[in-house]
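Input: one structure, supplied below.
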Amino acid sequence: MSRMVDTMGDLLTARRHFDRAMTIKNGQGCVAALPEFVAATEADPSMADAWLGRIACGDRDLASLKQLNAHSEWLHRETTRIGRTLAAEVQLGPSIGITVTDASQVGLALSSALTIAGEYAKADALLANRELLDSWRNYQWHQLARAFLMYVTQRWPDVLSTAAEDLPPQAIVMPAVTASICALAAHAAAHLGQGRVALDWLDRVDVIGHSRSSGRFGADVLTAAIGPADIPLLVADLAYVRGMVYRQLHEEDKAQIWLSKATINGVLTDAAKEALADPNLRLIVTDERTIASRSDRWDASTAKSRDQLDDDNAAQRRGELLAEGRELLAKQVGLAAVKQAVSALEDQLEVRMMRLEHGLPVEGQTNHMLLVGPPGTGKTTTAEALGKIYAGMGIVRHPEIREVRRSDFCGHYIGESGPKTNELIEKSLGRIIFMDEFYSLIERHQDGTPDMIGMEAVNQLLVQLETHRFDFCFIGAGYEDQVDEFLTVNPGLAGRFNRKLRFESYSPVEIVEIGHRYATPRASQLDDAAREVFLDAVTTIRNYTTPSGQHGIDAMQNGRFARNVIERAEGFRDTRVVAQKRAGQPVSVQDLQIITATDIDAAIRSVCSDNRDMAAIVW
């Protein structure tokens, strides 16, 4: 009984303070009324109208808004009792405020306050409450509150998806809210590197007297027109983000113009001032994959770096990549010794990783290797297979090989090649670099000495190969004698490569098989006679020695010769088939596919005639 009396006494006390507060508010203003509203909530913490009065009179404490939300079911009890109304303006989003009069609006306002306070999970949970949508006016406010949560937490794709959601036809649309949502979406698109998309969102908002661009949109797209003095902070932000987007699009003149318009009462915003002072300042661009990698979805700092994401992706694909690399190598014609050497290399790498895990030394070992042999013998394809195998084993992050040449290492003047080589290697860590004709890194003077520009690159490469012996893989390729001679230009160069894979010239049977495999997916087919002619001709070529002492098949570049012959033979076949058709003879599907002995013979002679070293061959 005494507790009930106390409660009634508290309520009566609270009501006296509340009634006095309302009277003072109307007569003397909010500052004078606030202490009475505070006294009312102290007497009865459940008096929602008193909490609303506190907020209306300038109480910006998050705890007060939380109390109002907790007791919002009692809203209007006291104002109805005395026949009065009460409302509070509360910030919702970065630059505008919502007029709070009922429980659902309190919830929307609280979600924004929670976002500002960093209580993101609570804001998200509150916005999931469908009771906040008890009024058609609340739908667009809810959209802004959710976009704002995603904006503050830098979940840029979610900002865009929220901004793009269609509102119900009955929803009440407000220009200020539309403009605020468009501004957030423009920021999001810009941070995703989608400058044109950002401009599209910005163009939906007309600032009266400053810009008119919304007319290009259809009736199904929400647009807005706001006055420059209506919401100065929003107008300044629209100008700022447009300026930063133009900078992102490399239109600096436009960027300067719009950044200069990012003012409030004629004073540049801090962000605009900083951007105008530094033309290199740009918005930070990220991607959806990075955002999705966060361990805490609300904390951008918990996202993984690009290298970590690449590592994760490689780890997930390692089994596939290893299988792909092995299959690619296995599909190559011949190369038995190379395939065996790669298999042994896999074993060595696996043991090396286990030794490193247990702290055991791996002196003298490195990822770098040499592929030596005549052209067209599968060195580049083997390098591609090694890229997949290395990535599959976790030796490198990226399976794709990067083919380089002298110009990637060497500058035009002495002193440029060292830094250029360093930059190339630093950008290639976690990758495979492949350089065919490795020896072309230097150019020789008439007396045989190497050029200084090339040697500068060689000397710096030597350092990088040792420093990063496990951080990337450098594969040099070319003729063995020329590679060996090149390695002598610096005494330490040969020691940076602890494995050499030798590629032999293809046999005549292998050349014909390469031609067959090249023709099949092109829907071309050598008949038996064509294969015999091809085999005999390749045998003749292989037994031929050029004036420079080179085997004929090496001069014709082995596997490339087979592919060139097939392509040339298809041309002779096509000419033959067209003549057949023009003569009134039927052309079958088989006719369109078959390469005859005549076609292949003409193709071989034609391809060989392009090489002057083959001029003396006797067929």
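Each residue, glycine too, has its Cβ placed from N, Cα and C.
Note that the structure is a prediction, hence the values are computed from the model and not measured.
The ATP binding site annotation in Swiss-Prot covers Gly373, Pro374, Pro375, Gly376, Thr377, Gly378, Lys379, Thr380.
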Within 10 Å of the Cβ of Gly376 (ATP binding site), how many other Cβ atoms are there?
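So the Cβ neighbour count for Gly376 (ATP binding site) comes to 23.
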Fewest other C-beta atoms within 10 angstroms of its own C-beta: which of the binding-site residues Thr377, Thr380 fits that?
Thr380
Residues near the ATP site, Gly373, Pro374, Pro375, Gly376, Thr377, Gly378, Lys379, Thr380 excluded, by Cβ within 8 Å of the Cβ center?
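Result: Leu371, Ala477, Phe503, Gln557, Asn558, Gly559.
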Can you name the residues of this chain that are 6 or more positions from Pro374 (ATP binding site) yet have a C-beta less than 8 Å from its C-beta?
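Same-chain residues close to Pro374 (ATP binding site) (Cβ under 8 Å, separated by 6 or more) are Tyr479, Phe503, Ser505, His551, Ile553, Asp554, Gln557, Asn558.
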My understanding is the cutoff is Cβ-Cβ under 8 Å with a sequence separation of 6 or more in the same chain; which residues meet that for Gly378 (ATP binding site)?
Gln332, Val333, Gly334, Leu335, Val338, Phe503, Gly559
Applying a 10 Å Cβ distance cut-off over all chains shown, what neighbour count does Pro375 (ATP binding site) have?
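Taking all protein chains shown, Pro375 (ATP binding site) has 21 Cβ neighbours within 10 Å.
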How would DSSP class Gly373 (ATP binding site) in three states?
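Gly373 (ATP binding site) sits in coil per DSSP, no helix or strand.
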Cβ distance under 8 Å to Lys379 (ATP binding site), same chain, sequence separation 6 or more: which residues?
Leu371, Gly373, Asp436, Ala477, Phe503
Could you tally the C-beta atoms, other than its own, that fall within 10 angstroms of the C-beta of Gly373 (ATP binding site)?
23
